[in-house]
Amino acid sequence: MSGVSSNDCPHLECVGEITKEELIQKSHGQCQDCKVGGPNLWACLENGCSYVGCGESHADHSTVHSQETRHNLTVNLTTLRVWCYACTKEVFLERKLGPHKQLPNAAKAVSPVQTPCQDLNTPGSPTSLRVPSAGTCDDLDMETEEEDELRTRGLTGLKNIGNTCYMNAALQALSNCPPLTQFFLECGGLVKTDKKPALCKSYQKLITDLWHKNRNAYVVPTNLFQGIKAVNPMFRGYSQQDSQEFLRCLMDQLHEELKELIPEPEDPNQAVAMDDSPDEDNHSQSDDFQSCESCGSSDRADNEGPRVPEDINEAEMLMPEQNQNNRDWQKEKNLINNLYRAGSHGDLDKDVDTTSDSRPIISSQGAIKAQGRTSDSEIQVSSTVRPQSPTGNEGITSRLSSSPPKSSAWPNLSSTHKKVPMFTPTKTKRQRKYHSIISEVFDGTIVSSVQCLTCDRVSVTLENFQDISLPIPGKEDLAKLHSSSHQTALVKAGSCGEAYAPQGWIAFVMEYIKSWFWGPVVTLQDCLAAFFARDELKGDNMYSCEKCKKLRNGVKFCKVQSLPEILCIHLKRFRHELMFSTKIGTHVSFPLEGLEMQPFLAKDSSALTTTYDLLSVICHHGTASSGHYIAYCRNELNQLWYEFDDQSVTEVSESCVQNAEAYVLFYKKSNDETQKERRKVTSLFNMMEPSLLQFYVSRQWLNKFKTFAEPGPISNHDFLCAHGGIPPNKAAYIDDLVLMIPQNVWDHLYSRYGGGPAVNHLYVCHTCQNEIEKLEKRRKNELDMFVRLNKAFQEEESPVVIYCISMQWFREWESFVKGKDIDPPGPIDNSKIAVNKNGHITLKPGADSGQISEETWNFLHNIHGGGPVVTVRPSVSHQESETSQSEEKIEVETRTV
């Protein structure tokens, strides 16, 4: 095709003859300089030039070629859009590529990607957005091509660099979790952080090396190991460590570095979030549980209200049957249902008085504001923070576990109930919620309920978990668990007898007799049933009821409210006493496919997929004091099992895996419907129907569509700001964040999953740019003024008064003015460093405080407010001043004499 449209680009006359077949053939080629393949290859359109080069996503050899040869026109072989380097704009050619290839022409109806006030500039310029690439069937097709067995990716070993088998086994197990690995391989634009030691970049490099096509025999994970040691000193040195503790430390740090703000829906009628600085309830259970901060990771993006369950939930099962016809109890049932459903909004810890007539109002912050006629209904809000990595072995791990709570009937599995008064002052600083690929893949929710058997008051706790630490039941415990399946009352009360429903009396008796001769046969289902079993709180473990104000007998159970995409199960094989440690060597049999979690779900759970297949398992050989870690992993490409023993990678049979002494297991949701959906979308891509609109979709969500059993609603918020534009800080690499798909594919995905918002036009948000400039100006002014005032304070020899300020608040303010934190710190809070003595507020001894001048205090207080004022006097007092004057007077008198 020669010539061309009525375009004002004078360089179109230089276009040579080119056919549709030639463009298609070039699109399957590679860059002539760096040999990288597509997509995003650019072909030179100069007459007689056949050059094909890579774009900005690689070395941008197409631009280099244009600069060296002065060939101005180039065409993107993926989108077939034409760019003129001389005119610095997109131009259009009149071409006839056939009816099935009209997708590129449809781009004519779509405005080029540009800012609202300017044309598209030269690719790569700071003020422009490079046109994102169009998606192909390869971008969404999960059908892996058949590879040569000797060249299968993902079979690279890890070198042991000094007792690091615990790390190598954990890394190989994580590496074979497709949702996480594909994120680091395909969503590189999101792997950015300014936090040290940038562990996410080291992990991304490691994953790239492990799954490279030209794989090496092994990789040395030095950079990642150095980063872990910088995060947690426990891993320094060359002593053997716990593999599960390493996993928690690694995933916590990855979450911190990759977390992004969850956009808050604008709701003018939202309830005011309550203060979340709770006092601890006086429970008889030990305070040894901390939940992870990933409550902020709730990624429900649909706009529908909470689903009303058809069946009653587990909390209702605890109530006396004779009261179910009572009108007050019916109101309370509705309240408890709402409290259960609040789990999708965050981690909550609530006490419900079963005689109150309260109605919960769920705020956008995940808190619940109760309105009722009774004053003894209290709501508990969990103060949930992601735990720091453990500093010891199993004994400490149980206290820092992100697993759900249990009572002391199973060791080291108790909950902490924290409460606040009904109405508390509102916090000025917004409590932001965050999510990351870690929280999206591994976070689930547990609902735990405790009922007082005297007043029927129910305490409901919703907490997020990242892994579940399961006890290994002994012989007597197994007998109780198996026999409970034949006691209907216990099943109704919330026990997990459903897990053993198919077992009859004869099978139970035979298995029980067999266990006396050959030892108990423990299954993973037994461990789960033991964890979720109902517990009676009595004797030394009575429940402290807030309504009765006494220790009462109670009943406690927990269920799963929402299931994670990948379920991480930790078997508690190690017991650490004061003087010695032991290891439980009991073999726990586990399924390779079809782990069913349905018996452990809450009745009103919205989980659609409850079946899991095994991905990988970490095993420990040896004793509690010494041993060796290996991992068995299923390769996603050929579905075969391999043993990863440091540098050695060996194919093994399924029976070998099932006989392993499992320590940590990774299970992934299994859903055949998702595979069918992917194939359907692939066929829609291949149809290449003409469309007038092109849609931009988040690469991160497309990765979830490819690897998750339940990808959830479409979410484009990872590349959009609250105003619907591109945040200025993401404009430079927008091509790494989005993919352009045709209208027919978007229509199908949107009708199937919902979500959004729909995006047909990309532009840099000027509103965000103005806000950033204002914020930077404020930061600079505050920082400069503080430096000047503090310098004057340092030069002052004897200040009359010195003001104290909480270092906790000061660090938050410092993070804000240095650009590390987005939001201002809120009002000054000196309550933790102040103590009231005889009506006077003074500095608390040993308080974490700093000293500033009166001028500095007034400056900060005028901007942020808060208090109280805490001052200290300098050591030179008025008394000492009077004494010095007396001495001078005596000296004068002496001289006179």
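Using the three backbone atoms N, Cα and C, a Cβ is placed for every residue, glycine included.
What you are looking at is a predicted structure, and each value in this text was computed from that prediction instead of being measured.
Positions annotated as active site, nucleophile by Swiss-Prot: Cys165. Residues or ranges marked as active site, proton acceptor by Swiss-Prot on the basis of sequence analysis: His628. Annotation source Swiss-Prot lists Zn(2+) 1 binding site at Cys9, His11, Cys84, Cys87. What Swiss-Prot records for Cys31, Cys34, Cys54, His61 is Zn(2+) 2 binding site, and it gives sequence analysis as the kind of evidence. For 156-670, the entry in Swiss-Prot reads domain 'USP'. The domain 'DUSP 1' feature in Swiss-Prot is assigned to 672-765; the stated evidence is sequence analysis. What Swiss-Prot records for 7-110 is zinc finger.
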Once the chains shown are all counted, how many other Cβ atoms turn up within 10 Å of the Cβ of His11 (Zn(2+) 1 binding site)?
17
Just to verify a number: CA distance, His628 (active site, proton acceptor) to Cys165 (active site, nucleophile), in angstrom, no decimals.
7
For the domain 'DUSP 1' (672-765), jot down how many residues DSSP puts in helix, in strand and in coil.
45 helix, 16 strand, 33 coil
On the 0 to 100 scale, where does the mean pLDDT of the domain 'DUSP 1' (672-765) fall?
89
Out of these recorded positions, Cys9, Cys31, Cys34, Cys165, which one has the fewest other C-beta atoms within 10 Å of its own C-beta?
Cys34
Quick check: of the recorded positions listed here (Cys84, Cys87, Cys165), which one has the Cα closest to that of Cys31 (Zn(2+) 2 binding site)?
Cys84
Candidates Cys9, His11, Cys84 (binding-site residues) - the one closest to His61 (Zn(2+) 2 binding site) by CA:
Cys84
Nearest recorded site to Cys84 (Zn(2+) 1 binding site) by CA-CA distance, among recorded positions Cys34, Cys54, Cys165:
Cys54
Starting from the Cβ centroid of Cys31, Cys34, Cys54, His61, the recorded Zn(2+) 2 site, name every other residue in that chain with its Cβ within 8 Å, sequence order please.
Gln30, Gln32, Asp33, Lys35, Val36, Leu41, Gly53, His58, Ala59, Asp60, Ser62
With His11 (Zn(2+) 1 binding site) as the reference Cα, tell me which of the recorded positions Cys34, Cys54, Cys165 is the closest one.
Cys54
Rank aside, I only need the closest one: which of the recorded positions Cys34, Cys54, Cys165 has its C-alpha nearest to that of Cys87 (Zn(2+) 1 binding site)?
Cys54
What is the Cβ neighbour count of Cys87 (Zn(2+) 1 binding site) at a 10 Å cut-off, with all protein chains included?
18
Secondary structure at His61 (Zn(2+) 2 binding site) (DSSP, helix/strand/coil)?
helix
If I restrict to non-local contacts, at least six residues apart, and a C-beta distance under 8 angstroms, what lies near Cys54 (Zn(2+) 2 binding site) in its own chain?
Cys31, Asp33, Cys34, Val36, Asn40, Leu41, Trp42, Asp60, His61, Ser62
